[in-house]
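J.: Got these off Swiss-Prot a minute ago, pasting:
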- CYS95-CYS112: disulfide bond (DISULFID)
- CYS254-CYS315: disulfide bond (DISULFID)
- CYS354-CYS410: disulfide bond (DISULFID)
- CYS358-CYS387: disulfide bond (DISULFID)
- ASN40: N-linked glycosylation site (CARBOHYD)
- ASN51: N-linked glycosylation site (CARBOHYD)
- ASN116: N-linked glycosylation site (CARBOHYD)
- ASN149: N-linked glycosylation site (CARBOHYD)
- ASN165: N-linked glycosylation site (CARBOHYD)
- ASN330: N-linked glycosylation site (CARBOHYD)
- 30-100: region 'Disordered' (REGION)
- 105-119: region 'Heparin-binding domain' (REGION)
- 1-27: signal peptide (SIGNAL)
- 28-446: topological domain 'Virion surface' (TOPO_DOM)
- 447-467: transmembrane segment (TRANSMEM)
Amino acid sequence: MALGRVGLTVGLWGLLWVGVVVVLANASPGRTITVGPRGNASNAAPSVPRNRSAPRTTPTPPQPRKATKSKASTAKPAPPPKTGPPKTSSEPVRCNRHDPLARYGSRVQIRCRFPNSTRTESRLQIWRYATATDAEIGTAPSLEEVMVNVSAPPGGQLVYDSAPNRTDPHVIWAEGAGPGASPRLYSVVGPLGRQRLIIEELTLETQGMYYWVWGRTDRPSAYGTWVRVRVFRPPSLTIHPHAVLEGQPFKATCTAATYYPGNRAEFVWFEDGRRVFDPAQIHTQTQENPDGFSTVSTVTSAAVGGQGPPRTFTCQLTWHRDSVSFSRRNASGTASVLPRPTITMEFTGDHAVCTAGCVPEGVTFAWFLGDDSSPAEKVAVASQTSCGRPGTATIRSTLPVSYEQTEYICRLAGYPDGIPVLEHHGSHQPPPRDPTERQVIRAVEGAGIGVAVLVAVVLAGTAVVYLTHASSVRYRRLR
């Protein structure tokens, strides 16, 4: 019995401990839930002392969980996105090149993209404005700015219209554009909204400001942007050393031709490797032409021909394409010296004879009589002999004397440019005519006058007979 009571007591104590453990295990979740409120400022323990120097803060009550649960439980699924028109971006028109610079004669392509490129009712127009003449577009329009609801300014020429059937009949098409243009200087290729403007040949006429206008057919000026197309053309450089006579100063001329733009073309001269600093020896002039600019620079040496060896000149050209880029080229040449010829004139019988010694090959004589500025009509016979100097010869020309003129001029023709006029003046009294010759001339002149009088009499008689016959015929008809 004692052992049974002891076992019963142990069993009851074991059941009691099991019950305590179960109660503690069930009570732990409830204690975890109450941690949040106890940590809030409104439920802080009153035994904690406050610091008087610390600022007082207004407590924030906790948000009830019920509202959060209710909101989460009543949330509806997000509706699918609407399929309306797409929003316009901050850059509705985007071009890959807003300020292209290309060489003269090259082929230029400009690509631009537009919004709503899949809409078949969209319309694109491209206008061209001359850079220097049209003030309506402003001196420097913003090239990357996209304008909204701005139509093309006046004064432009139409390059392209995607809806040619809607083009104003009074519009002015650019040369090489529009229906039936041949040859075509402009073309637009690519899918709608991603067009490429192709300028077949860039010149001074095709450069300028291009205005792209994009929109719907009923609102064609929705967007617009500017593209500036500029052309450059490097100069061609040539040097021309002047041929001079003995005793003349050496000269050379350099020409920078057909370049664009005409910002600056600077020449620096060298004579036999030494720079020419004296500005009085250099003369430079720039001229604007339809195909660009040309600059001509001439240097005059202090040395003269025949007093030393020929001089070699070098011109150095520096051309500034813009404020940043420039190119530099050189050209050289040696001046030549020609002997100064000696011209003589003599009269032998019925001929005038002119002789010039040591003239360049190809030089001939031209005769002038009296005050007449045209060469003499009579044929002059020329002959040529050796002079003894390479490339030169002695020439002689004869001309029959004139019975009307007393002044004679024989002039050398065929010298290079820059050589002064070389000529000789002479006087000669006309010889007396032969009496027989004079009688023959007078007889011929008298016969000519007689023939003229006879012809006049015959014509007058014929006219009288014709008028008499016509009057008689008319009188008979009246009867």
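Glycine is no exception: its Cβ is also placed from the backbone N, Cα and C atoms.
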J.: Where's the emptiest Cβ shell within 10 Å among the disulfide-bonded residues CYS95, CYS112, CYS387?
T.: CYS387
J.: For CYS354 (disulfide bond), what is the tally of other C-beta atoms lying within 10 angstroms of its C-beta?
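T.: I count 26 other Cβ atoms within 10 Å of it.
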J.: Check each residue in the chain of CYS410 (disulfide bond) that is at least six apart in sequence and keep those whose C-beta is under 8 Å from its C-beta; list them in sequence order.
T.: ILE343, MET345, ALA352, CYS354, PHE365, ALA366, TRP367, SER397, LEU399, GLU423, HIS424, GLY426
J.: When you tally the Cβ atoms that lie within 10 Å of each candidate's Cβ, which of the glycosylation sites (ASN165, ASN330) has the highest tally?
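T.: Compared across ASN165, ASN330, the most Cβ atoms within 10 Å surround ASN330.
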J.: What's the number of neighbouring CB atoms sitting within 10 A of the CB on CYS358 (disulfide bond)?
T.: 18
J.: At the Cα level, what's the spacing in Å between CYS95 (disulfide bond) and CYS387 (disulfide bond), rounded?
T.: 73
J.: Taking DSSP three-state, what's CYS387 (disulfide bond) in: helix, strand or coil?
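T.: Coil, per DSSP.
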J.: Determine, to the nearest whole angstrom, how far the Cα atom of ASN330 (N-linked glycosylation site) is from the Cα atom of CYS315 (disulfide bond).
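T.: Each residue's Cα considered, ASN330 (N-linked glycosylation site) and CYS315 (disulfide bond) end up 6 Å apart.
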J.: Going by DSSP, give the three-state secondary structure for ASN149 (N-linked glycosylation site).
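T.: SS state of ASN149 (N-linked glycosylation site) = coil.
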J.: List the Cα distance (Å, whole number) between CYS358 (disulfide bond) and CYS254 (disulfide bond).
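T.: CYS358 (disulfide bond) to CYS254 (disulfide bond), Cα-Cα distance: 29 Å.
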J.: According to DSSP, which kind of secondary structure is ASN165 (N-linked glycosylation site) found in, if we only use helix, strand and coil?
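T.: In three-state terms, ASN165 (N-linked glycosylation site) counts as helix.
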J.: So among CYS112, ASN149, CYS387, all listed as recorded positions, which is physically nearest to CYS315 (disulfide bond)? Use the C-alpha atoms.
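T.: For CYS315 (disulfide bond), the spatially nearest of the recorded positions is CYS387.
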J.: Specify the nearest of the recorded positions CYS112, ASN165, CYS254, CYS387 to ASN149 (N-linked glycosylation site), where nearness means the distance between Cα atoms.
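T.: Result: the closest of the recorded positions to ASN149 (N-linked glycosylation site) is CYS112.
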J.: Given CYS112 (disulfide bond) and ASN165 (N-linked glycosylation site), what distance in Å do their CA atoms have, once rounded to a whole number?
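T.: With the alpha carbons as reference points, the distance is 23 Å.
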